[in-house]
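First comes the structure, then the notes that go with it.
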Amino acid sequence: MKTLNRVSVIGAGAWGTALAGVAARAGREVTLYARDAATAAAISATRDNPRLPGIPLDRSIVVTHDLAAAGRADIIVIAVPAQNSRTAVAALAPHLAAGTPVIASAKGIEHGTRRFMTEVIEEAAPQTVPAILSGPSFADDVARGLPTAVTLAAKDEAMAVALVHALGSAAFRPYHTTDLRGVEIGGAAKNVLAIAAGIVVGKQLGASAQAALTTRGFSELVRLGLACGARSETLSGLSGLGDLILTCSSPQSRNFSLGIALGRGESAPRGKLSEGAFTAPALLELAAANGVEMPVANAVAAILAGRLTIDAAIDNLLTRPFRAEG
């Protein structure tokens, strides 16, 4: 396998900028691609990204608006929202050499197709090798170099190991797996479930209810994952349970914050993307296709679509028939 030294991150938002810093700290030659030329020029000149205030960009990172230049890399990291990933990968595809690993870092399922992000990469750039990076990680923590552990998956174990060694450091510790589906289901489902956890907090239903909701939500995540062929150890690992715990308990999570606002009867926080809101309908379609019941995720989707009030959703969940745990 060739040396994986040049890393390009596509997307100069908070997460993309944080991941560019990860690659730089790992000793790689890093390019950060911004779609907007003015944004690229400003970040390059000031070494500051307004999306990550107070965290200077490493001087070694090259910021560009040139997609062809960004494509000349040994590793590509796609750091755009899930629903924009296909467009980003398709635009980049003509500039990518055969066999280039392309790592998805968005947590979601594509609308309309029910495709996971590695499937989107496989379709939009079939000459490349899809991979996925996911786990309990906030952009601000990662950008500051605070200790973080994540999961990195690729179909080929040797490739997964090579990517881990290319991006890992003392502060950013990826664990490798070949279980793409498990990693992707964990990341997608936890965003939807975090909205429910936020609603519990916003409605002031108590810490006991929050713990119960998170645990029952995890049961839904596991049922769906196993039905889709995921491994149980992946679902109970960093990209599943680990990410769920973080996202269901921290106001840094946009999905959790959205739920808190909804629970308080407020409008959604402005200017903050909640992947869970976009993923909820696709997640339920996937669950239905696999014969999996997900009452908590279903309640979230119904609330977001305006089909059910929060109070009615809570009543529905609390009056479900008693059953054995599992």
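Every residue, even glycine, has its Cβ placed from backbone N, Cα and C.
Within Lys190, Lys203, the residue that Swiss-Prot lists together with Lys107, Gly135, Ser137, Asp243, Ser253, Arg254, Asn255 for binding sn-glycerol 3-phosphate is Lys190. Taken over all pairs of the listed sn-glycerol 3-phosphate-binding residues (Lys107, Gly135, Ser137, Lys190, Asp243, Ser253, Arg254, Asn255), the Cα spread reaches a maximum of 15 Å, rounded to the nearest whole number. Neighbours of Asp243 (sn-glycerol 3-phosphate binding site), defined as other CB atoms within 10 A of its CB across all chains, total 27. For the recorded positions Ser137, Lys190, Ser253, a Cα to Cα distance of within 10 angstroms from Lys107 (NADPH binding site) holds for Lys190. The recorded positions considered are Arg35, Lys190, Arg254; of these, Arg35 has the fewest other C-beta atoms within 10 angstroms of its C-beta.
According to DSSP, Trp15 (NADPH binding site) is assigned to a helical segment. Using a 10 Å Cα-Cα cut-off from Asn255 (sn-glycerol 3-phosphate binding site), the recorded positions that qualify among Trp15, Arg35, Lys190 are Lys190. Using a 10 Å Cα-Cα cut-off from Ser253 (sn-glycerol 3-phosphate binding site), none of the recorded positions among Trp15, Arg35, Lys190 qualify.
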